[in-house]
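*Asks:* Take a look at the following structure, please.
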Amino acid sequence: MTRNAIKGLLLASSILGTAGFAQAQDVTLTVESWRNDDLAIWQEKIIPAFEAKNPGIKVVFAPTAPTEYNAALNAKLDAGSAGDLITCRPFDASLELFNKGHLASLNDLPGMENFSDVAKSAWTTDDGATAFCVPMASVIHGFIYNKDAFDQLGITVPATEAEFFAALDKIKAEGSFIPMAMGTKDLWEAATMGYQNIGPTYWKGEEGRKALIKGEQKLTDEGWVEPYRVLAKWKDYLGDGFEAQTYPDSQNLFTLGRAAIYPAGSWEIGLFNTQAQFKMGAFPPPVKNAGDSCYISDHNDIGVGLNAKGANQEAAKKFLTFVASPEFADIYANSLPGFFSLNSTAVKMADPLAQEFVSWREKCKPTIRSTYQILSRGTPNLENETWTESANVINGTDTPEVAGEKLQKGLDSWYKPAK
Amino acid sequence: MSDTPSTHDTTGPIKRPTRWHIGVFLLPAFIVYSAVMILPLIETLRLSLFNTVDGQSTFVGLGNFQVLFGDERWADDFWNALKNNVIFFIIHMLVQNPIGVALAAMLSLPKLRFAAAYRTAIFLPTLLSFVIVGFIWKLILSPIWGVSPYLMDLVGLKSFFSPWLGKPNSALIAVSLISVWQYVGIPMMLIYAALLNIPEEVIEAAECDGVTGWSQFWKIKLPLILPAIGIISILTFVGNFNAFDLVYTVQGALAGPDGATDILGTLLYRTFFGFQLQLGDRSMGATIATVMFLIILAGVSLYLFVIQRRIRRYQF
């Protein structure tokens with residue numbers, strides 16, 4: 001009896017399983033992603049909006065943990081079990097997928113004309129000829145501060161490096177707040193929220209980044225070592241035991257109102273809005289001298305690509321066109337304040353903190369994180385090394401000069417800039 | 001056709017029928033074991049001899065090993081990981097196993113009350129997932145929310161607290177001790193079982209000869225449990241050189257700060273699967289896995305062929 005039932009089940013499932021592929025009526029698209037924080041927004045807003053207009057196509061958003069995403073995705077793609085739509089990490093990780101034939105070219109996808117070349121830069125081949133992911137969002141670095149604390153201590157928003165450290169000194173001397181919430185335990189905080197945040201001001205954004213790729217500048221040059229020197233000074237303003245402070249610790253310290261300044265990425269806005277009980281403001285990385293032009297890291301962070309070996313190419317392309325539409329940009333940017341749309345159509349955002357961040361695009365020169373394009377292709381990996389060295393500099397394990405030398409040495413060992 | 005071989009042939013030596021059932025009974029286990037253990041192992045060894053050249057998987061002989069030991073960067077990473085791994089192992093041998101023996105000796109005291117409760121409590125962490133253990137200890141040692149700075153403050157030792165997991169000098173020791181805390185139950189249980197196995201007559205005979213207390217432990221019990229200690233040592237060795245999970249959960253895949261807690265397992269993980277922007281390199285990963293395999297193989301062989309043969313066993 002039971003055996004027959006099991007047999008029946010097996011038989012049914014095998015037939016139904018193949019039937020699912022054959023039936024063109026109801027296709028299910030799976031979106032691979034690392035953004036497990038966004039699950040609710042996808043399920044409640046984005047997917048219903050798409051399914052309402054495209055009957056017969058079901059979309060499943062299937063995120064994995066951020067740190068495991070790349071490894072898991074590569075394994076799934078190699079095994080042929082990955083979803084139809086792939087959320088793209090910026091630059092080389094995705095370029096590699098395209099070169100391996102896992103991602104399809106999207107040059108003739110309707111809707112791609114909505115994006116500028118800069119927006120697409122993170123997901124095009126080195127020669128700029130082929131785009132393989134639809135740009136979704138970028139994140140901007142800066143500092144989020146506790147407005148109530150600043151008012152209480154009578155501090156104005158710092159614009160220059162000197163003012164910034166004066167403000168930190170004042171907060172420290174007063175003693176009721178930890179001046180800055182950042183830890184070095186997770187390493188990437190030091191590199192991403194620290195080095196890549198303030199760095200563009202010193203290496204002059206795109207100018208320095210491109211010169212580094214061309215080999216005209218080195219990581220031992222003043223422009224690249226000076227941000228480390230500034231970072232080394234941060235040490236005195238971080239909380240007790242910052243060496244073992246993790247990223248969630250830093251977030252909690254700030255949202256609980258125990259720290260005054262948080263070196264941030266704009267992706268924090270959504271979480272901070274729901275958790276912090278005080279007013280928040282934001283300021284861009286301070287410039288060296290008053291009147292200098294400011295630089296911000298406006299980093300292309302998320303795109304969506306098409307699995308070249310996916311079963312439902314046509315349906316998946318429809319979804320990608322939807323992702324490229326201004327309608328998607330509007331839903332996305334407003335449900336996830338802090339993830340700024342890359343669509344050429346301007347999106348109206350309701351969140352004041354997000355507006356503050358995006359307003360810097362007008363007065364400052366944007367650049368992307370220096371280690372992401374081309375320079376993290378070899379071993380040792382420059383991005384990973386930058387994590388370790390940034391933490392070392394803040395911990396005092398390495399001096400800024402030694403850090404620069406180590407990074408350049410690692411880069412020299414495999415990177416030969418095209419002359 | 002006509003003369004079928006007789007089983008009652010009395011002229012020759014008695015021929016036993018082929019015991020085919022042995023093979024049949026062994027077959028399922030053999031197939032499963034080969035499929036999930038032997039084949040992957042051989043495949044890993046094979047992969048370590050190949051590398052991608054111009055997009056093609058090419059046989060490179062020992063080229064990968066040459067890179068691993070010859071290239072300054074790779075060699076630095078590897079030796080650093082190996083050194084940390086050896087320290088990790090030494091701490092386990094010096095702390096975990098002696099404590100395990102001591103706990104077992106105390107538990108086997110006949111006068112001890114609540115022995116079962118202690119035994120359960122000490123063994124419990126072993127049953128916990130490493131994720132939970134890592135998370136609990138990260139919280140306990142956290143300088144911000146942790147209970148340890150608070151407790152140390154209560155007894156006036158606050159000045160001795162430091163963010164151990166975040167400092168290059170102390171991170172590896174801290175992680176090792178967390179691992180010791182988790183696994184101390186295993187040597188304790190094995191030694192406890194070995195101690196219970198010692199026959200009463202031996203103990204009574206010792207007592208008649210006036211060997212009691214400490215000298216009884218050193219002269220009678222310890223020699224009798226030496227084989228168990230040997231087994232524990234080899235289990236610790238294999239476990240430690242395969243370790244990965246705890247370091248990964250507590251310190252992340254980069255095993256910071258400054259690579260201070262990087263052991264072979266985390267180095268293998270980063271190399272094979274990649275990390276963040278770093279893409280996975282299967283060939284080099286397989287190379288590291290092969291070296292790990294050889295290290296463990298060497299250790300186990302040393303134990304089996306040199307040490308185990310010299311340990312005297314007592315038959316009762």
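Using N, Cα and C of the backbone, Cβ positions are placed for all residues, glycine too.
Residues annotated as transmembrane segment in TrEMBL: B:20-42, B:86-109, B:121-151, B:171-195, B:224-244, B:284-306. Annotation source TrEMBL lists domain 'ABC transmembrane type-1' at B:82-305.
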*Asks:* Going along the chain, which residues at least six beyond the ends of the transmembrane segment (B:284-306) come within the CB cut-off of under 8 Å?
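*Replies:* Cβ under 8 Å, 6 or more out: 41, 44-45, 47-48, 51, 64-65, 67-68, 74, 78, 82, 230, 233-234, 237-238, 241-242, 264-265, 267-268, 271-273.
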*Asks:* Cβ under 8 Å to the transmembrane segment (B:224-244), counting only same-chain residues 6 or more beyond its ends: which ones?
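*Replies:* Hits for the transmembrane segment (B:224-244): 85, 88-89, 92-93, 96-97, 100-101, 179, 183, 186-187, 190-191, 193-195, 198, 202, 263-266, 268-269, 292, 295-296, 299-300, 303, 307-308, 311-314.
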*Asks:* Please work out whether the transmembrane segment (B:171-195) lies in contact with the transmembrane segment (B:86-109), by counting C-beta pairs under 8 angstroms that are 6 or more apart in sequence and asking whether there are at least 3.
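*Replies:* In this chain the transmembrane segment (B:171-195) contacts the transmembrane segment (B:86-109) - 3 or more Cβ pairs sit under 8 Å.
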*Asks:* Do any residues, 6 or more residues outside the transmembrane segment (B:86-109), come within under 8 Å Cβ-to-Cβ of it, and if so which ones?
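*Replies:* Tertiary neighbours of the transmembrane segment (B:86-109) are 115, 118-119, 122, 172-173, 175-177, 179-180, 183-192, 194-196, 217, 221, 225, 229, 232-233, 236-237, 240-241, 243, 263.
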